[in-house]
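**Student:** Here's a structure for you.
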Amino acid sequence: MNLPDANVLCEQLATLIRPQLRPDTALVGIHSGGVWVAERLHQLLDISEPLGSIDVSFYRDDYGSRGLHPHPQKSGIPFDVSERHIILVDDVLYTGRTTRAALNELFDYGRPACVDLAVLVDRGERQLPIGPTWCAWHLPERLPAGSKLDLKRDVAGNLSLEVKSA
Amino acid sequence: MLNPQLTKDGRLRHLLTLDGLPKAILTEILDIAAPFTEVAEREVKKLPLLRGKSVFNVFFENSTRTRTTFEIAAKRLSADVINLNVSTSSTSKGETLLDTVDNLCAMGADMFVMRHASSGAPYLLAQHLRNTGRDHISVVNAGDGRHAHPTQGLLDMYTIRHYKQDFTRLTVAIVGDVLHSRVARSEIAALTTLGVPEVRVIAPKTLLPTDVERMGVRVFHNMEEGLKGVDVVMMLRLQNERMSGALLPSSGEYFKFYGLTEEKLALAAKDAIVLHPGPMNRGVEIDSAVADGDHAVILPQVTFGIAVRMAVMSMLAAGN
């Protein structure tokens, strides 16, 4: 499968979001790929509010069976989320479970006025009633079970998509 | 031999001692603890990791700080916490430890946090759980006799890493009543495993175990000599309640030779940090000017202790 240029997808995603920005909009990226995309969007959309980040390791629903991630990152939201327009940002939307966990974590910081979801890629195969507000690319076909679609970032900061087989 | 603290696939099953715990697990606990420190800054200071689990704090020996921080840690992880002060309860009516435990298992315990005056009591409990097919219940040793106090050792390691980053360039001195101290044993085990090149113990002969050198430490009886150039000073409490016989002339005499004063601390590295597991005996092992001074990291230790206990409990819940 030919995968599009993730850097271009970021620009397309910014174009989709721009008309719906509000004065109180703030971005929150989901570790780790979502934070990279959020950093890019933050720059492209020229948002003054600092960027927030969430690591959903402590909110996952499969931690009892898969264990804890050995290197969880600190979540950090350097602004009051209450009564604010929050855009959650992730690299790949798949089952929806990560988004569910991120929403739960976000609400432990306060009660946002509304939350939107921006993703670079929608992989489909949802297991929860969750959909993106904005998506730069829909995967045209299902990937084999067990394979992973990941966002990578090189030392120069360039983003790329990668499929890993099971 | 299989480490009774680990599952077959190397995950943490119980936390009984830091002695023999692999470096990878020690580091993993410290890494996982780091993001837990941030939870205290949120509007909702809770994470769902232990939701639906029952944690029994079973303290056969008095404790305020340790029991409270375990309780806070478990509650921040959304567990149901049941505190039992067993020293004033069934055992005084004649019930054995394992009978008490069996009753608590029947009440649906998922995890025991246990303190006991007898060294090895948490091992006995872990062994009993395995022998009775209740291996899914975890045990955390919150201090057993003179043997170990692993979460105190871990929170000390977290504190040191927080301020000093790299263990492999440090000289660390442990000062005081090593003989009666389970904290000292856990600290020495962890410091050695994490690669600290020089661990010193500073104490009078009467307050050192006879085989202390075998633990891989340098022994000093003179505090001024022992503190020279150290990066970390770990003070121990003078354990009056564990003293049997006349090991010391008086607490005043002890302070003169082994109390940490600003003058003695000046011999350590300029940026040395001072730790104390609490409760402090001011004017006995530590002078107030040091305890409240710029080098002391004693209160951050308490805060980090919650995060470290959260890490241990969530790893145990995930491992089982």
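Note: Cβ is positioned from N, Cα and C throughout, glycine not excepted.
When I checked TrEMBL for this same protein, it listed these features:
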{"type": "DOMAIN", "residues": "B:13-161", "note": "domain 'Aspartate/ornithine carbamoyltransferase carbamoyl-P binding'"}
{"type": "BINDING", "residues": "B:Arg65, B:Thr66, B:Arg115, B:His149, B:Gln152, B:Gly278, B:Pro279", "note": "carbamoyl phosphate binding site"}
{"type": "BINDING", "residues": "B:Lys93, B:Arg182, B:Arg237", "note": "L-aspartate binding site"}
{"type": "DOMAIN", "residues": "B:170-315", "note": "domain 'Aspartate/ornithine carbamoyltransferase Asp/Orn-binding'"}
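Explain the structural surroundings of these features, please.
**Tutor:** All protein chains included, B:Gly278 (carbamoyl phosphate binding site) registers 17 other Cβ atoms within 10 Å of its own Cβ. Classification of B:Gly278 (carbamoyl phosphate binding site) by DSSP places it in coil, neither helical nor stranded.
Mapped onto three states, the DSSP output places B:Arg182 (L-aspartate binding site) in helix. Cβ neighbour count for B:Arg182 (L-aspartate binding site): 24 (other Cβ atoms within 10 Å of its Cβ, all protein chains included).
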**Student:** Determine which residues of the same chain, besides B:Arg65, B:Thr66, B:Arg115, B:His149, B:Gln152, B:Gly278, B:Pro279, have their CB within 8 A of the center of the CB atoms at the recorded carbamoyl phosphate site, and list them by sequence.
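**Tutor:** My list of surrounding residues reads B:Ser63, B:Ala142, B:Gly143, B:Val183, B:Pro277.
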**Student:** Return the residues near B:His149 (carbamoyl phosphate binding site) by Cβ distance under 8 Å, restricted to its own chain and a separation of at least 6 in sequence.
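**Tutor:** B:Thr66, B:Asn141, B:Ala142, B:Gly143, B:Arg182, B:Val183, B:Arg185, B:Ser186, B:Pro277 - these are the non-local Cβ neighbours of B:His149 (carbamoyl phosphate binding site), listed in sequence order.
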**Student:** Quick one: DSSP breakdown of the domain 'Aspartate/ornithine carbamoyltransferase carbamoyl-P binding' (B:13-161) into helix, strand and coil?
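**Tutor:** Split into helix, strand and coil, the domain 'Aspartate/ornithine carbamoyltransferase carbamoyl-P binding' (B:13-161) gives 69 helix, 27 strand, 53 coil.
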**Student:** Looking only at the domain 'Aspartate/ornithine carbamoyltransferase carbamoyl-P binding' (B:13-161), what is the model's average confidence as pLDDT?
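**Tutor:** Here the predicted model's pLDDT, averaged over the domain 'Aspartate/ornithine carbamoyltransferase carbamoyl-P binding' (B:13-161), is 91.
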**Student:** For B:Gln152 (carbamoyl phosphate binding site), what is the tally of other C-beta atoms lying within 10 angstroms of its C-beta?
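**Tutor:** Within a 10 Å radius of the Cβ of B:Gln152 (carbamoyl phosphate binding site) lie 27 other Cβ atoms.
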